[in-house]
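Asker: I'd like to ask some things about the structure below.
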Amino acid sequence: MGTATAQPALRPQTSTVIGGLHGAAVLDNTGRTVIDVTDFGADPSGKADSAAAVSAAMAHAKTVGGPTTLHFPTGTYHIWPERTPKRELYVSNTVGSDQAFRTKNIGILVEDMRDVVVDGGGSRIVNHGFQTVFAAIRSSDVRFTNFSQTWVAPKTVDITVADAGVVSGQAYRIIDIPETYDYAVEGTSVRWNGERGPATGQPYWTGTNSFDYSQVHDPATNRTWRTSNPVFPERHEDHRPRRRQVRITYGDSTAPGDRGYVYQMREVTRDTPGALFWESSRVTVDHLRLGYLHGFGIVGQLSEDIGIDSVTFKADRGSGRVTSGFADHIQMSGVKGTVRITNSVFDNPQDDPINIHGTYLQATAAERETLQLRYMHNETSGFPQFYPGDTIELVDKRTMLAAPGATAKVVSVTGPTGSGVPAGTDPDTYLRTMTVVLDRTLPAAVLAAPGDYVAENTTYTPTVEITGNTFQAVPTRGILVTTRRPVRIENNRFDGMSMASIYISSDARSWYESGPVRNVTIRGNVFDRPASPVIFFDPTNQDFVAGQPVHRNVLIEDNDFNLTGGTILSGRGVGGLTFRDNRVERYPHLRLTGPSRALRVGDTTTVTTDAPPPSHTSPLFTFDGADDITLANNTYGNGFNKRVNTANMDVSEITVTADGLALNADSISSAPVAVSYSSSRPKVATVDSEGVVKALSGGTTSITARATIGGVRVTSNPVKVVVATER
């Protein structure tokens with residue numbers, strides 16, 4: 001839709017409360033000018049493209065003095081990329097200097113504005129093609145609130161194994177394909193086609209079989225993990241049993257065991273962020289439901305004070321899809337002030353839900369007070385890392401410690417600006433390198449061997465508060481955070497993380513994500529069935545310096561660790577760490593697995609559970625190059641190895657109080673789990689104490705298992721057993 005020719009009426013309003021999205025969002029429009037996007041042609045019926053109308057409404061808002069609310073009357077608004085604002089932008093952890101993706105399409109763009117509320121009014125935003133859903137660029141006091149969002153045809157393809165088995169000696173799968181995807185069976189391949197653009201009629205993207213990357217979600221256990229994709233190795237597509245199904249047969253006779261699994265597939269180019277805050281301050285996102293973010297997640301970059309509250313990152317299960325994000329959900333790269341993430345749900349991303357870090361730049365040359373620096377990771381470049389007046393710190397890559405005398409103020413910077421490449425320059429060189437002039441001469445060690453050092457902007461390091469959130473069905477880590485300012489991770493629930501729930505690195509070897517932590521509190525969280533280790537300090541230093549850990553001042557208290565085995569805490573290069581008043585138990589859960597096919601009278605089969613073994617042998621704690629560690633007044637259930645392993649440190653650095661832990665020696669207790677079984681209709685089939693089911697007569701029965709785990713009496717999921725009367 002085009003811009004309205006007449007100026008729409010300005011609508012001063014008072015307070016409103018709009019509910020329905022993660023509680024109620026309170027909007028105080030007193031003294032604000034409210035601009036209605038439908039006055040500019042936006043279509044709340046969802047029939048027309050509203051991109052140009054939304055852009056026109058925002059352009060008008062820029063001409064209005066004072067606080068402004070851009071309002072979407074309740075409805076469904078489709079936004080196609082062709083008529084959105086375009087900007088050349090370079091974004092952390094995406095495509096680096098690749099010129100093929102330098103131009104971003106932005107659905108809702110707040111640019112060079114102040115005191116703006118984007119109020120969705122409870123509406124649904126439907127995105128098409130490749131675009132950033134919303135962005136704030138060089139703006140302040142911006143709020144995005146009160147809408148849900150989804151994608152018509154995400155570039156992540158989710159397929160469900162509807163059935164699997166063996167027929168005539170050949171294994172097969174039948175896969176369900178959601179309505180949103182266009183596909184074609186081409187010989188022995190499946191070709192996937194994205195939605196077709198209105199201008200070209202061509203699909204926005206195409207792919208074959210399992211693309212470049214795959215992970216799998218098990219709805220029965222609500223777990224997601226990275227894995228190779230077994231659906232599309234050598235095989236033959238036979239026919240379509242039903243609409244939007246493909247039957248795939250294989251050359252072997254091993255029955256697939258993945259009925260019900262959802263395979264999530266994509267290629268790996270992070271061409272655009274899902275949302276972006278660039279050189280902006282006091283940006284708030286609240287009361288949203290984000291069904292899918294293409295390319296990457298919400299990125300804060302060289303910005304200040306960002307708040308995310310009551311946001312649900314979760315796909316609409318009615319769509320047949322489960323993936324809610326192409327990669328991370330939230331990435332804060334070089335942010336100052338406070339990053340506050342509260343009361344939100346993170347479900348089924350393709351990478352880490354939260355990653356908060358700075359960026360280490362490699363020093364390549366040094367002369368007196370001048371440094372040459374370079375972005376090292378291919379996914380990050382093109383934007384400035386320093387402004388005049390910022391503080392720079394040089395870090396020795398071998399120790400990951402600040403170099404003595406190498407902290408200075410920035411006087412001037414020559415390098416990428418984040419928004420373009422000067423004519424006649426090589427894009428890769430220009431976008432990846434910069435020259436920084438400091439207010440003092442560099443130390444002799446840096447001048448002699450600049451390649452041994454990396455640089456961090458310590459001005460753009462935030463205070464972090466992550467509280468009241470839920471992390472579930474995550475294939476990676478839950479929270480990554482590296483900032484020297486206070487970090488509080490409190491009252492969150494982590495369920496079934498596939499890697500460390502909390503990961504603290506400081507990396508000058510791979511991703512070059514900075515820096516050290518100096519004040520971390522992890523309190524009141526629940527870690528259910530976590531991966532090992534649950535909390536992981538893992539800086540990339542090659543050498544340890546006694547008494548100078550990379551990370552320090554960490555308090556971990558009053559948390560519940562409900563384990564299926566493994567290590568609670570692995571601390572490398574960390575000091576001044578206290579682990580106290582925590583509770584460690586076995587995860588009280590029992591899952592029962594049974595036959596996938598009907599039995600015949602007289603048949604027997606065995607049902608199995610995931611009951612834990614009598615004891616776990618992994619040490620509960622490991623420390624490497626650590627110092628001043630206190631483990632005190634924690635409680636431990638039976639069945640664990642209450643062992644503390646140490647390396648590259650003196651054992652006297654570990655203080656144990658009332659925990660009964662053993663240093664570098666096993667301390668294993670046993671807690672055998674007795675499982676009992678029952679059949680709801682024993683006349684149809686019986687089950688004995690070993691889980692052996694015997695079919696007696698035609699009909700259906702349910703088998704259930706029970707056990708006491710971690711002091712809690714638990715009942716398994718029921719397994720249906722069907723007994724046929726004829727052989």
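Glycine too: its Cβ is placed from the backbone N, Cα and C atoms.
Annotations for this protein, taken from Swiss-Prot, read as follows:
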- 221-230: compositional bias 'Polar residues' (COMPBIAS)
- 220-241: region 'Disordered' (REGION)
- 336-358: repeat 'PbH1 1' (REPEAT)
- 461-483: repeat 'PbH1 2' (REPEAT)
- 484-506: repeat 'PbH1 3' (REPEAT)
- 517-538: repeat 'PbH1 4' (REPEAT)
- 551-572: repeat 'PbH1 5' (REPEAT)
- 574-603: repeat 'PbH1 6' (REPEAT)
Asker: So which of 336-358, 484-506, 517-538 is most in touch with the repeat 'PbH1 6' (574-603), counting Cβ pairs under 8 Å?
Answerer: 517-538
Asker: Take the repeat 'PbH1 6' (574-603) and count its residues per DSSP category (helix H/G/I, strand E/B, coil), listing them in that order.
Answerer: 0 helix, 15 strand, 15 coil
Asker: Going along the chain, which residues at least six beyond the ends of the repeat 'PbH1 4' (517-538) come within the CB cut-off of under 8 Å?
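Answerer: Sequence-distant neighbours of the repeat 'PbH1 4' (517-538): 481-506, 551-574, 587, 589, 618, 622.
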Asker: DSSP-wise, what's the residue breakdown of the compositional bias 'Polar residues' (221-230) into helix, strand and coil?
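Answerer: Computed counts for the compositional bias 'Polar residues' (221-230) are 0 helix, 4 strand, 6 coil.
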Asker: Any idea what the model's mean pLDDT is for the repeat 'PbH1 6' (574-603)?
Answerer: 95
Asker: Using DSSP, break the repeat 'PbH1 1' (336-358) down into helix, strand and coil residues and give each count.
Answerer: 0 helix, 15 strand, 8 coil
